[in-house]
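J.: Here it is: the structure, laid out below.
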Amino acid sequence: MNPKLPYVLLVGAAVMIFILSCMLLNRGGQSPSCESQSSVVEETGSMSQSLVFADLTPEEMSQVVRYLQGHLGVPLVDASRAKPSDNCIASVDLQVPAKAEVLRFLDGGGARPPREALAVLYFGNQPDPNITEFVVGPLPTPAYHRDVTVQKYGGKVPYHRRPTLGSEYEQLGVFLETKAFAAAPTFLREVLEYDRTNVAFQTTVPHGFQSGDRVTWFVLFQNVSGFFVHPVGLEVLVDHSSLDISQWAVSRVFYNGQYYRDMVQLESAYVQGRISVEKVRKAPWDGDFSSMKPRAPPAALFPMQFEPQGPRYSVRNNQVLFQAWSFAFGLSVSTGLRLFDIRHKGERVAYEISVQEALSVYGSNCPGGMSTRYMDGSFGLGRYTSPLVRGVDCPYLATYVDTHSVSDSLRPKKRKASLCIFEQNLGSPLRRHYSNLQSLYYGGLVNSALVIRSIATVGNYDYVWDFIFYQNGAIEGKVQATGYPSSSFLHGDGLRYGNRLWEHTLGTIHTHFVNYKVDLDVGGVKNSLVAHDMAFEMTRAPWSPEQQIERPRLTKKVLDTEDQAAFRLQSKMPRYIYFAANSKNKWGHQRGYRIQITSFAGDHVPEASSMERAISWARYQLAVTRRKEEEPTSTSIYNQNDPWTPTVTFADFINNETITHEDLVAWITAGFLHIPHSEDIPNTVTVGNSVGFLLRPYNYYDLDPSIYSHDGVFFTSEQDFTACEVNPLACLPKTASCLPNFPPFTYDGFRNM
């Protein structure tokens, strides 16, 4: 026998014992992976009813483009390189069918409405340049197109109203660099250290003071990260109304509080020493104070949510199912996130809930700032929807949905992960009660809600758009504003228009207004608008007549006309205002859905303003009108560049028509006043900058429908609350002790810029 053999056997046995011990320890200490369902996003070939609202597919968009190229009889230039004097396709979007057609299909077994697209074309290469809208169909194989411009707007849309294409902004940038700046080389070199790469521009709108103007102030900033808060004091007014780019010209120049006829005069004044120069310290590429790079190293990971038994919602094509809720979703190029056919417990409560517009009105003592009124729908709340970052923009394990659009190009553009859908435990009870009187018990329900979200980055601002669905039948529409504040160069009496944010940076005062369309169908299409509120009444105590009691009582009023249902921005509105059905609940009350608005809006532009009618929806915190197919939106993408002769005037919707037992629409406006302050550096936070509305059941049910939720918790003092069959929370160590399956982090936001 080999004398070394016992030692070899001993060593081998020790190794085996060690390996087995490790395996047992790992098996006992490591949690299993959470159960995961198969992908909740199902690309099915079924013709589900929700597809009547579905966004166009890339294939459908391409078919529309090819059809228009072959059937209009005029050359169409790719919008990404089109000149103002060219013809081009500006955008292609879904043409939403008429409501009556859709309801016949959804509820009456009628035919599926033809699937159609709405194409916006710019015709600059013809004797009468204009904007034309065509409906193209049927999809997926187009065979017809019809001009709907006159039908929609009562006449042709003048060419000067067209939203500015990206290609026109590029051409303006070239004009500034090669023509305008060439006239002031000494000033630019010595004051701005200009090298053709270190300056960024921000545009202003509207373009001038009267219909037909296309004259734009361009504000110059240092071209660094977060350039919006790095103004250099120079602003240039460019007249680009001519369709011939060679005719564009500088109309005025502003520097450090002084106006000049053009860049030649600015250069002359500088060379002669007649300018008060305020030289701005050159910022590093990361922006220094405006950099969003964290100033602290990573530490303990922030809390994260996961679904131990997989998602409790499903996404099929464009339809979401969550507990008692179902709805279809889509993304409009101009207005962004929109929902259709919203049902609770199988019954439709709203036909459409959609964003309409986001407006900002600025003040400043610089020309660019004081003349800015952004109507972001014109730029495109859907077009500028940005890819979402897992774990920050939405929970890491949310469902992410890609979207597609044709705008400023002939080819569909894919925006990966630009919508997210997730269930969120809000960390508080939806309802609860702890009883320590008479009987002893606890009852409660976790407030877990479904969220669908998109985030639009329009220039300096990021808008977080949410629609939230609660277990009690309530729906919330909410927008949170973040991003960078817009700024002006601080000079003179600048502090009348904001706060100083940095050495030369004035954070300019501005308002935010957002408008929503809410087409409620409560217990059917025909509804009335009812207001409930309170009033104190004086009465004698029946048991002690010599004593007086002030008691609140309920006041009730049916609002019969559109004029009665139009509530001005700062006016007093009934605290309870609701859409009432023609049916009643078990207790004899009209079934209803209440509208509750959360808003801290600043003041609206004075109605004497020449451009106010273009944004007249912002006069009202709430206006309820009869629903009409010819009034699909509260504004138009063409209002931005010609607000003095608006293409759509919301105020005209309100004409005292009767609104009892009619198909009604609520137009809701929420907003806030923003006076930028030092804590807006490096950029603005969402906390406190959130507004929106709630739609809440009001006698719609016989009791709170969330009582039927599977998430309820109830136990008494006499029960064993540690037993799983009594209290599901007691099972968490067993049912939720698993490791979530986190997919690898990916991000496509920097591709195909």
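Each residue, glycine too, has its Cβ placed from N, Cα and C.
Just so it is clear, the model here is predicted, and its values are computed rather than measured.
Annotations per TrEMBL:
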TRANSMEM  7-26  transmembrane segment
DOMAIN    76-144  domain 'Copper amine oxidase N2-terminal'
DOMAIN    163-257  domain 'Copper amine oxidase N3-terminal'
MOD_RES   Tyr461  2',4',5'-topaquinone
ACT_SITE  Tyr461  active site, schiff-base intermediate with substrate
J.: Have a look around Tyr461 (2',4',5'-topaquinone) and count the other CB atoms within 10 A of its CB, chains all included.
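T.: I count 24 other Cβ atoms within 10 Å of it.
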J.: Tell me, roughly as an integer, the mean pLDDT over the domain 'Copper amine oxidase N2-terminal' (76-144).
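T.: Average per-residue pLDDT within the domain 'Copper amine oxidase N2-terminal' (76-144): 97.
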J.: DSSP says what for the domain 'Copper amine oxidase N3-terminal' (163-257): how many helix, strand, coil residues?
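T.: DSSP composition of the domain 'Copper amine oxidase N3-terminal' (163-257): 31 helix, 29 strand, 35 coil.
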